[in-house]
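Only one structure is covered here, and it is reproduced in the block below.
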Amino acid sequence: STILFVYPVMVAVIMGIFFKEKISAITVFSILLALSGIALLYQGDGNKPLSTLGIIFVLLSSLSYAIYIVGVNRSTLKNLPTTKLTFYAILFGLSVYIVRLNFCTELQIIPSAWLWADVLTLAILPTAVSLICTALAIHYIGSTPTAILGALEPVTALFFGVLLFHEKLTPRLMVGILMIITAVTLIIIGKSLIKKMGMLLQMNKK
């Protein structure tokens, strides 16, 4: 999951190469800071080596997500209403999932009401609501800032892990969280910070 979060870098590279988007020094620093923070949140499996095939698949997953984020902002998809875009995204995902399940021949019945509630919550909150919010964010602030703000995802996962499942919060994890929050804050205030610095430089020249 840590490798998956290289997608902000991929988004920035795609936007820079194909759409000539100017990548500021603050954006580059924020990406590096966020990736470093995410690396600190990573909890490995001891000395178990990483699978090469697994790394390839997760990089392809990251690239696919980066292309989606850019596509929503820079293609005709940006003209679609957010709910309609989300509907088609989920519909496409469903078609892939049906094929993956051998055309539903491997479906299993959900045995309890509690598990039904879990499935419905999973379908609504981290899927539908998340996709809608992502599409809205891309529309309002652009692809690269949205991708970097997505680095907050492992922080929220860690927050609920500590709060609900009593996971241990170590100094290393706290430093990682601080780095990610700093990166996100820089992205939020980055443009105004650059403008203020420019104004100060002009005043000093005068």
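Any Cβ shown, glycine's included, is placed from N, Cα and C.
Automated prediction, rather than curation, is the source of TrEMBL annotations.
Some features that TrEMBL has for this protein:
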TRANSMEM  23-42  transmembrane segment
DOMAIN    53-188  domain 'EamA'
TRANSMEM  54-73  transmembrane segment
TRANSMEM  85-103  transmembrane segment
TRANSMEM  115-141  transmembrane segment
TRANSMEM  147-166  transmembrane segment
TRANSMEM  173-194  transmembrane segment
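When Cβ distances are compared across the two stretches, the transmembrane segment (147-166) makes no contact with the transmembrane segment (85-103), since fewer than 3 pairs at least 6 residues apart fall below 8 angstroms. With a cut-off of 8 Å between Cβ atoms, the residues of this chain six or more beyond the transmembrane segment (54-73) that come close are 1, 3-7, 10-11, 14-15, 18-19, 85, 89, 134-135, 138-139, 142-143, 146-147. Outside the transmembrane segment (23-42), and at least 6 residues removed from its termini, the chain residues within Cβ reach (under 8 Å) are 1-2, 5-6, 8-9, 12, 15-16, 144, 148, 151, 154-155, 158, 172-173, 175-180, 182-184, 186-187, 190, 193-194. Across the domain 'EamA' (53-188), DSSP classifies residues as 113 helix, 0 strand, 23 coil.
Looking just at the domain 'EamA' (53-188), the mean pLDDT is 89.
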